[in-house]
Amino acid sequence: MTETGSERRAVVAKRVDSGRPDTTEIRDLARAAGYEVAGEVTQTRKEDPATHIGEGKVTTLARTVVETGATVVVFDNQLGPYQTYNIGNELPEGVKLVDRFRLILEIFGQRAQTRKAQLQVELAELRYELPRAEAKASLARRDERPGFMGLGEYDESRERDIKSQISRIRDELERIEETEEHRREQRRESGFDLVALAGYTNAGKSTLLRRLAEDVDVDENEDLHPDLDATAESEDRLFTTLGTTTRRAEMDQRDVLVTDTVGFVSDLPHWLVESFKSTLDSVYRADLVLLVVDVSEPTEEIREKLVTCHDTLAERNEAPIVTVLNKIDRVDDEEIQRKRDALSALAPNPVAVSARTGERVDDLRERIHAELPDYERERLVLPMTDDTMSVVSWIHDNAQVDSVDYGDQVVIEFEARPAVVERSRAKAGELVEASV
Ligand SMILES: Nc1nc2c(ncn2[C@@H]2O[C@H](COP(=O)(O)OP(=O)(O)OP(=O)(O)O)[C@@H](O)[C@H]2O)c(=O)[nH]1
């Protein structure tokens, strides 16, 4: 999917008001978009209104671009339209200027595999464009002179166009979401507990998903989710998961569906988060949320990420949240304990695992089992009709059956999720009705 080589060679640029600019994240993002990072230019100074990094630095930037043969400059800062224009003028012809948000959109666009993800990317792009089109329209209106061609009119129509596209996409997304909700309900009724993975990008969610689902046949998983990649490949790149991937896992005889969601990213603008919000639906509707963090990161960074995740989840989530400290293979026990203590207010009683090596993943399974809603016990007496056996086998499929006695009637005792018990009662009721 990604080309490498000179066509995808980038120079990264970053300005900070004070201190030393750190380009680690923007480099990772650039690589995630398939660019080879060939150079960097950084600047510490107050923002220059005309060129953002100052005239001298723009010259350095242009030189670096020529020297490295880059075709793209990736700015970690957000550039205004005027700054973009001025910097662009100094760069060799054909060199593209991309800011952080455009870059993230580019990555999302490349990874969007499902219709829903594609629509979300489209929506995010339109939301990015809308304020720019509005600004252009108002500038054009201001500059309009009598006798001139109505430039303002053109931009106003673009603005209207964007707005109508946004509302069309929203409608379609809403329909998709209704279908998904219906599917979740069906899964719940058929005895699955729903567990969702949440957390920042690169925390190890996809790896953990594979680890939790490893005992279950992949074919089964493919059937469960025909629209998604059942192998859930995880590469050392950001955002391997765009949209959701669901796989089946077994926790102590309970059937669990584990869903991986798009990772959080720091400093995302509101409009972007908004566009991907519905990706979190599976988190909000889950029976249990596993909030995954990378324990090898500095404590303060983990803390900030936990706060953001909790704030976002708190909007609608009602399920219990278990924090998973992942990547314990990278740190020693003493450090894990120190971080556990430091984070105890935000993450009480976390589970520490290594998704990569599988170390202590069984502890996590036990914990998941313990946190899931209790099963209800039920005893049903079914009249003997033509359909009785199909009801018995449905209960077998969806519950843990303790005993079945066949006589004139069938007496079945089982344990199951409340929703399954309810469905069983309804089915038993139908049999009774049919038998009289
Ligand atoms: N050392 C170590 N690396 C891990 C562990 N778990 C995951 N990783 C690595 O961390 C990187 C990111 O893992 P993913 O599973 O793709 O992370 P993710 O949270 O799904 O990321 P997004 O899809 O971007 O949201 C990969 O290189 C994994 O191999 C772990 O327990 N230990």
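Using the three backbone atoms N, Cα and C, a Cβ is placed for every residue, glycine included.
Annotated GTP binding site per TrEMBL: 199-206, 260-263, 326-329, 354-356, in sequence order. What TrEMBL lists as Mg(2+) binding site is S206, T241. Under the heading coiled coil, TrEMBL lists 109-189. Per TrEMBL, the feature domain 'Hflx-type G' maps to 193-376.
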Whole-Å Cα distance, R356 (GTP binding site) to S206 (Mg(2+) binding site), is 10
Should one count Cβ atoms within 10 Å of each candidate's Cβ, the binding-site residues K205, R356 would be headed by K205
The average per-residue pLDDT within the domain 'Hflx-type G' (193-376) comes out at 77
Rounded Cα distance, in Å, between S206 (Mg(2+) binding site) and N326 (GTP binding site) is 12
Excluding its own, the Cβ atoms lying within 10 Å of the Cβ of N326 (GTP binding site) add up to 28
R356 (GTP binding site) -> DSSP, reduced to three states, gives coil
Once DSSP output is merged into helix, strand and coil, G199 (GTP binding site) belongs to strand
With the fewest other Cβ atoms within 10 Å, the residue among the binding-site residues G199, S206, D329 is D329
